[in-house]
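Record features (TrEMBL):
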{"type": "DOMAIN", "residues": "53-179", "note": "domain 'VanZ-like'"}
{"type": "TRANSMEM", "residues": "12-35", "note": "transmembrane segment"}
{"type": "TRANSMEM", "residues": "47-67", "note": "transmembrane segment"}
{"type": "TRANSMEM", "residues": "99-118", "note": "transmembrane segment"}
{"type": "TRANSMEM", "residues": "125-152", "note": "transmembrane segment"}
{"type": "TRANSMEM", "residues": "164-185", "note": "transmembrane segment"}
{"type": "TRANSMEM", "residues": "206-230", "note": "transmembrane segment"}
{"type": "TRANSMEM", "residues": "250-278", "note": "transmembrane segment"}
{"type": "TRANSMEM", "residues": "299-317", "note": "transmembrane segment"}
{"type": "TRANSMEM", "residues": "323-342", "note": "transmembrane segment"}
Amino acid sequence: MLGYLETFSYSFIIAVALWPFLSVVLTLPILALMYHRHHRLRIKSVLTAYICVLYALGLAAFTLYPMPDDPASYCLTHSLKPQLHVMRFLHDISTDGKIAVLQLLFNVLLFMPLGFALKRWARWSAVLVLPAGFVASAFIEVSQLTGVWGVYPCAYRQFDVDDLITNTLGAVLGCLVAWTYGLVFPSENSIDPHEVNMRPGLLHRVVALVIDLIFVWVCDFALTFGFIAWFHHIATPTLDGRFMLLGHTFAAGVFDVVARLGSVLAFFVFELLIPVLCHGQTLGAMFTHMNVEMRVRQGGRRALFYLLRWLMLFAATQLFVTPWARVGVVVVLILCVFYVVARRMPYDFV
């Protein structure tokens, strides 16, 4: 085993180190869907979503990764033929004993969480879990056989038809465990689909804001790209790298200014204009069933609330902008600490 691992670089160690953090990022879309369905989340629901993503990434990573560092050398000295003899594991058990048994059990246990998750949380029936387990296992095995669909020039792990059987069995057993668990701990009933959370927690706010930021970034990119294309079409380039338009000279830095203005405009639309017109709901808030106002405000107080909220959130999002990243980090830390202490954001007190 150690000799096998020595063929791989520190990239595997880095991947393992980043694994839990990448799972946090990929958990956000699931949390958004859970907020959309249940409107609120408990700690156990958040942990459940995180564990599911952690498992899915781990399943893919530890069955397809790491790849040997030197493809030419590895493929020259290794030739992994597919194992196509059904029930070959019976022979392996008789010859290899405990090692073969442990490998068999590992292949079964590896897919039990998949069957459990599909049955318990995705609410799939056993009729769907069985083929889903088989398809997932087949995808992994074929990926190994083809060097992840040609990414690697040769097969660096063996395709084993018995893995299809044991993995699928694991998914079915996981489904059975989920069914038994559901008899003891029934799933909670969904709440009123029209209910809006007027006192969202910090996580709820973050998930809604991330959804809004996706729209902001898409619109910002579209505006900036559209302007650059239009400008290049009508402006006349000069020999010194500038552009002439309507008798005025523009440096290439004008594109940076336009990109900045585009982000401000997009953030203004999605984080100020839309919630003002939609009674306290941004697009992210609509999807996750929350309200950013928390209580009714009128006149100048409502205007001040939205102005402070827009300024603070805009400053917080500057952590993604290189010149102002430190400012964004400081604002994010201040807002998080303030919320932990006061259970509200500063603008909520207006």
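We number each residue from 1, going along the chain as drawn.
From the backbone N, Cα and C atoms, a Cβ is placed for every residue, glycine too.
Each residue of the domain 'VanZ-like' (53-179) gets a DSSP state, and the totals for helix, strand and coil are 94 helix, 2 strand, 31 coil. Within the chain, the transmembrane segment (125-152) has long-range Cβ neighbours (under 8 A, six or more residues past its boundaries) at 59-60, 63-64, 67-68, 71, 82, 111, 114-115, 118-119, 158-161, 163-164, 167-168, 170-172, 174-176, 179. Long-range Cβ contacts of the transmembrane segment (206-230) within its own chain (Cβ-Cβ under 8 Å, at least 6 residues beyond either end) map to 28, 31-32, 35, 200, 255, 258-259, 262-263, 265-267, 269-271, 282-285, 287-288, 290, 292, 313, 317. Using a Cβ-Cβ cut-off under 8 Å and counting only residues 6 or more beyond its ends in the same chain, the transmembrane segment (47-67) has close neighbours at 8-9, 11-12, 15-16, 19-20, 22-24, 26-27, 30-31, 34, 110, 113-114, 117, 121, 136, 140, 143-144, 148, 151-152, 156-157. Within the same chain, residues 212, 215-217, 219-220, 223-224, 227-228, 231, 235, 241-244, 285-286, 292-293, 306, 309-310, 313-314, 317 sit at least 6 positions outside the transmembrane segment (250-278) and bring their C-beta atoms closer than 8 Å to a C-beta of that stretch.
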